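Colleague: Pasting a structure below so you can have a look.
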Amino acid sequence: MVSTLDDTKRNAIAEKLADAKLLQELIIENQERFLRESTDNEISNRIRDFLEDDRKNLGIIETVIVQYGIQKEPRQTVREMVDQVRQLMQGSQLNFFEKVAQHELLKHKQVMSGLLVHKAAQKVGADVLAAIGPLNTVNFENRAHQEQLKGILEILGVRELTGQDADQGIWGRVQDAIAAFSGAVGSAVTQGSDKQDMNIQDVIRMDHNKVNILFTELQQSNDPQKIQEYFGQIYKDLTAHAEAEEEVLYPRVRSFYGEGDTQELYDEQSEMKRLLEQIKAISPSAPEFKDRVRQLADIVMDHVRQEESTLFAAIRNNLSSEQTEQWATEFKAAKSKIQQRLGGQATGAGV
């Protein structure tokens with residue numbers, strides 16, 4: 001049987017993503033405080049722009065965590081560091097310049113974390129790269145913010161040392177630095193638009209793409225340990241996806257998608273869950289393991305084709321953009337709770 005659904009490398013990346021979410025929340029908290037403390041209109045406007053970007057980026061990080069499929073808590077050392085920085089920002093030990101300098105270091109830490117997650121994903125699997133893809137937007141935004149924060153620090157530092165304003169060429173240099181890489185900024189998630197979230201079709205399609213990659217990776221591998229790793233992720237992803245659809249989506253579409261078509265979706269997922277449990281009881285090195293996985297993949301991809309054609313069309317024809325975005329938010333929240341439950345279940349030998 002499959003001895004564990006967990007994988008050490010994937011869990012380590014999940015912890016890094018949890019760290020990034022906690023840091024992003026601190027970054028937002030700092031910038032809200034800076035707006036209350038700043039007396040410079042130009043600096044306030046820059047920080048206000050940062051805040052808008054970073055609130056969206058927090059949504060992107062939350063989406064990536066759900067798509068990644070493993071929920072973890074931030075590391076204790078990171079929680080302690082966040083508490084220490086929060087105390088410094090709330091206190092009077094540091095002046096405004098020093099607080100912004102500490103904040104720029106946080107941005108740098110967030111950039112490096114994002115790059116490390118991307119590099120680690122290249123080693124773990126194509127499905128991980130697919131799940132964390134939107135983090136590229138967060139990384140580019142943070143690099144752009146770093147350049148602007150350097151400009152802010154130059155202005156504040158000159159004022160502190162001389163009591164006078166710095167030369168006006170600072171912002172021009174900052175904009176030139178940003179332009180060197182800003183062309184790569186963009187995201188299919190929420191950044192660069194007025195959307196508050198992805199729509200439900202986009203979120204479900206991302207799940208479909210990821211599990212398809214996992215099936216391909218599993219079938220191409222001859223390493224029982226990697227096969228076990230891929231199946232563990234397939235099991236958790238499909239379980240969370242199916243339960244979230246049955247909680248948030250299917251009951252709501254029945255009225256306009258039709259009783260028969262909706263019931264077919266339920267029936268397909270019931271068969272999928274049955275096969276998942278059967279496969280979990282088979283050793284990854286057994287000859288029939290891949291055959292059963294192939295059977296599961298066929299059922300899943302038939303299900304995918306139905307959802308992405310007729311179901312998505314029915315959703316487009318019956319819901320507003322705001323409604324599909326709200327459904328996406330609720331779907332991700334439901335998946336997150338299910339993932340936390342799955343992560344808390346015993347996954348040692350005998351699973």
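Glycine is treated like the rest: Cβ placed from N, Cα and C.
Per Swiss-Prot, Fe cation 1 binding site is recorded for H241, E245, and the stated evidence type is similarity to another entry. Feature annotation from Swiss-Prot assigns Fe cation 2 binding site to E245, H303.
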Colleague: So, in DSSP terms, is H303 (Fe cation 2 binding site) helix, strand, or coil?
Modeller: helix
Colleague: Which chain-mates of H303 (Fe cation 2 binding site) that are at least 6 residues away have a CB under 8 A from its CB, listed by sequence?
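Modeller: Set apart from H303 (Fe cation 2 binding site) by at least 6 residues yet with Cβ under 8 Å, we have L265, E268, Q269, M272.
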Colleague: Which ones in the same chain are close to H241 (Fe cation 1 binding site), with CB under 8 Å and 6+ residues apart in sequence?
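Modeller: Non-local contacts for H241 (Fe cation 1 binding site): I204, D207, V211, K335.
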